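Copied over from Swiss-Prot:
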- G10, I11, D12, G13, A14, G15, K16, S17: ATP binding site (BINDING)
Amino acid sequence: MRGKFITFEGIDGAGKSTHIEWVAERLRARANVVTTREPGGTPLGEDLRQLLLHRKMHLETEALLMFAARREHIAEVIEPALARGDWVISDRFTDATFAYQGGGRGLALDRLATLEQWVQSGLQPDLTLLFDVPLETASARLAGAREPDKFEAESRAFFERTRTEYLRRAAEAPQRFRVIDATRSIDEIRVALEEIIATL
């Protein structure tokens, strides 16, 4: 039986990464679970991640590199794991590209959709958990945590557009998305996550 593919999404500071390993541990009771991330997840993908997070580049180049890293990730990690019957949890996937490069940067969504179709050949997550927080909350969580990368250092307006695009995508695909109110406590969020994963 083919495995299931779960993605965690949200703007920087939403707190999604805090819960990934917790969810993975819950799911390991019923399947082998592979945790991974984007950009990254493969040796080439991790090299591209460093370029994407720290080097200035044209907006189109940024989007193309995101999808190049994703193609490698799908071919080397995601598809083989799903074919084995493993479950895959990824810290970000294509929704992040639509949110950050489409919403935040303003790249045409139809161009991103063309790349998505080419690179993914129809692959979509079975479940996307969108951790949603107001900008003030996200900024407070990031303040002083570490040296910000290129995206974390973006403007408030950038993150407003990014968040708006995330929520638009969630509204367009309610069968796939579950929006998590990430202003709640860790314990409250985990109660909600427990209820969601019980339905898988």
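Placed from the backbone N, Cα and C atoms, the Cβ positions cover glycine too.
Source: prediction; values computed, not measured.
Between the candidate binding-site residues, G10, G13, G15, the densest Cβ environment within 10 Å is the one around G10. Here the binding-site residues are I11, A14; the one with the fewest Cβ atoms within 10 Å of its Cβ is A14. Taken residue by residue with DSSP, S17 (ATP binding site) is part of a helix.
Here the binding-site residues are D12, K16, S17; the one with the fewest Cβ atoms within 10 Å of its Cβ is S17.
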